[in-house]
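Below you'll find the structure, written out as structure tokens, and then a few comments.
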Amino acid sequence: MATASEIAAVGVIGAGQMGSGIAQLAAAAGCAVLLLDADSAALSRAVASISASLRRLAAKGQLSQTACEDSIKRIRCVSTVQDLRDADLVIEAIVENEDVKKQLFVELDKITKASAILASNTSSISITRLASATKRPAQVIGMHFFNPPPIMKLIEIIRGADTSDEVFAAVKSFSERLGKSVICSQDYPGFIVNRILMPMINEAFWALYTGVATKEDIDTGMKLGTNHPMGPLQLADFIGLDVCLSVLRVLHNGLGDNKYSPCPLLVQYVDAGRLGKKRGLGVYSYAQKSSSLKPKSSL
């Protein structure tokens, strides 16, 4: 099993915003990165986004031009799980669905070398259950990055029931090598951050649903009254309303408490395809880009 300093090749599965951000971090830390996605267009968008992000850092003097170009060159796009056979660490950042993730871990367990660590970027799903799909549960761990990964300073590490001390130490050190602060959670639904955050977001939806206040006043109240940088409804849009709904359902099912039951308005928005900023419409409309981060009302 590779130590943090021996993690030289990192596989990242999923070329969306989370996966591309994780790939950027690993490449900038000196790792060879294999970015896997079945959608070639998604891979092209990811490479363009990573390149632009790294070049912005270089333009600001936060990264040398040489380091920038070397980081870009370290990323190789691949299209099959078999291409990850030599990775020391594989991080999946695919859809937040336990069955889909389990099937992926079954495949990874067969393909990757025996020493490889398998990590999930899940924001709520049991690491123990994902690990149970493999023959190497001691080498399965949760690495919950936050959006966008290159900017957010935190990685939440989750140990499954069988995650070894050696794997935990290696992943913690690797996370710090990426320049992140680390917190560690036991394997309970929602872990630390979402266990606390999602009920707040859900309550904000209930306040909107029951007519307590407008979305603008709800968000302004939390920003100015509690010193949050972003209101809970706008934050939900940035996370993705479908992700919020998925996490709430995991919390509700896993903890059995009705306080985690998703607000009907959140369910309705997701059913309508109003998934947030990534779709241009959620609680707010993002159809017309603005230089300001202020959301525009869609109601």
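Quick reminder: no glycine exception, Cβ is built from N, Cα and C everywhere.
Residues annotated as NAD(+) binding site in TrEMBL: Gly14, Ala15, Gly16, Gln17, Met18, Gly19, Asp37, Glu96, Lys101, Ser123, Asn147, Lys278. What TrEMBL records for Ser53, Lys60, Ser123 is CoA binding site. TrEMBL lists 10-187 with the feature domain '3-hydroxyacyl-CoA dehydrogenase NAD binding'. Taken from TrEMBL, the feature domain '3-hydroxyacyl-CoA dehydrogenase C-terminal' covers 190-286. Residues annotated as site 'Important for catalytic activity' in TrEMBL: His144.
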For the domain '3-hydroxyacyl-CoA dehydrogenase C-terminal' (190-286), the number of residues DSSP places in helix, strand and coil: 66 helix, 4 strand, 27 coil
Under 8 Å by Cβ from Gly14 (NAD(+) binding site), same chain, sequence gap 6 or more: Leu36, Asp37, Glu92, Ala93, Ile94, Asn121
Averaged pLDDT score, the domain '3-hydroxyacyl-CoA dehydrogenase C-terminal' (190-286): 97
Binding-site residues clustered about His144 (site 'Important for catalytic activity') [Cα within 10 Å; pool: Gly16, Ser53, Lys60, Lys101]: none
